């Protein structure tokens, strides 16, 4: 009976980003502003690509799906964090905590695979231009997007299954602004060494495979164009810069949060904020600001 009572956790206490009310008031305004820009920006990109027939190409189809994922990814933790700035006692229900974990890994895992799909699209476009339309056809594009959603779902379910039945007891405080597995698993009142190893292996394998595929794709692109012309190399490098910037911004925090052996609280919080708030804002901005077709589509709307 005691073990059952230990596992029946109704809520966790969230310590948040800081204790200063003045700083929390500043962060409330700043993150609310950033969140609204993220939501409106990603919705705008999706609607622009859907409505403009000149953007009905594989690259923009994948970009629209990236913005669609970022729209929801930014909404997993940011609204809760913003409302918590107004509360003295910050709590989250057990079910709400598990939902944050599930959707965070579902959308995050899906975005990793989608970034690989976008790199593959650029590889085919630059390295095999004559076969681009036949390779990146409608079925291939839909298949790539569906694969990203399926892998993200399987990854998330496997992560959640390893912690949802753990018994929790004693202190239930999360020194962060949201629920994530490395923090929640530390609160379990049992030996979690095996679960931690499996969780890190799961996240590590997915992140490593995606990262290697990205490196291979961009290496082939640069090698191919450098072999043909210096002008082509310059253009390809410009095209790949936006993609590689997004990859670094997305994978960097993930590597430190899940694979870095040392845990420094303020660093973890900073990276978590960057991953949850800043990355969904920067992703569409980086792609669109460097893309002439997107700029032209915006000008056509203004006319």
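The backbone N, Cα and C atoms fix where each Cβ goes, and this holds for glycine too.
Given the ranges 181-204, 205-228, the record in TrEMBL names 205-228 as transmembrane segment.
Across 25-50, 57-73, 205-228, 272-290, the stretch most heavily in contact with the transmembrane segment (93-120), judged by Cβ pairs under 8 Å, is 57-73.
Long-range contacts of the transmembrane segment (25-50) within the same chain: residues 17-18, 56, 60-61, 63-64, 67-68, 70-71, 74-75, 78-79, 81-82, 85-86, 277-278, 280-281, 284-285, 288, 294, 297-298, 301, each at least 6 residues beyond the stretch ends and with a Cβ under 8 Å from a Cβ of the stretch.
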